[in-house]
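Annotated in Swiss-Prot:
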type	residues	note
TRANSIT	1-37	transit peptide
DOMAIN	105-289	domain 'BPL/LPL catalytic'
BINDING	122, 123, 124, 145, 149, 150, 151, 220	biotin binding site
């Protein structure tokens, strides 16, 4: 891989640092962060297994009987059925309400088998490390996450009140795997909107910052992490989401925004948002697999922050710095940013894989 770094200074535009990369390898592993504050790992971990129907409940019993689930750091894992978990949950501790979530689920595949822990190093590690043991569509949720995984070790604090979950899915066409993070991001924004509508609450305008950040009023409230492995002619994709629902730190949260608009309104619940997410995601995923991302583009572009964003790019060519202005038009078929220069030349912009902010590291190539 060959790389040349250059920087850009913008006046009334966004400040971007551009990294030009040349690589012929396809990108099947995409990641961004929702990490937690650093805490020492417990010597043991309790995982509660919960199913929507008798089918998933039998899966839970089988996993417990075989003691099948493991963690990558060799932490001792204790598997508990939902019916046995009463001693883990106190009425006043605001733990994730398993019954409330399961009652909200109306999907056919996603979210019907749930793993919950009051305190967990990483939900992503649970689903990715045990992918073959779990039904496709399984989700892992925790109340406190202290060793979250993120892009280039980025930190996303995960205190109580944050909705933190990871789930599994399978895909066969590796060319569209990088696009799944956009489907997930869109489903999160639509889920929040759906819950607000159902509860008669003011609409919280959650926006997507490409490729996988979620923003409200200019502040980050969430992020998406997608990883994949290839096995038996399928891509095993683990998807992680972190969303600030009821935690005012480290930035802001949905309920803080809601209180600012309507102080007396009912608050959003993590369980309701997660149930609405899987309802939206299952529909979007089926559309995406049947018709491609084109079927979701119009809605996605109404939700993201970048339409017609103008960017000044400085490229270093043979020791000479050349400036170009490009305007973001949308996404390419590969899921990267599509931009046009003032000379009408089309460009594809890629992240460099090194910066916390994707817009401080981009690839630019002519198309």
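From the backbone N, Cα and C atoms, a Cβ is placed for every residue, glycine too.
Shown on the structure are the features that Swiss-Prot records.
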residue : record              : DSSP class
122     : biotin binding site : coil
145     : biotin binding site : strand
220     : biotin binding site : strand
Protein Cβ atoms within 10 Å of residue 220 (biotin binding site), excluding its own: 17
Other C-beta atoms that fall within 10 angstroms of the C-beta of residue 145 (biotin binding site): 31
Mean predicted confidence [pLDDT] for the domain 'BPL/LPL catalytic' (105-289): 93
Other C-beta atoms that fall within 10 angstroms of the C-beta of residue 122 (biotin binding site): 28
CB contacts for residue 123 (biotin binding site) [other CB atoms within 10 A, all chains]: 29
Neighbour tally for residue 124 (biotin binding site), based on other Cβ positions within 10 Å of its Cβ: 30
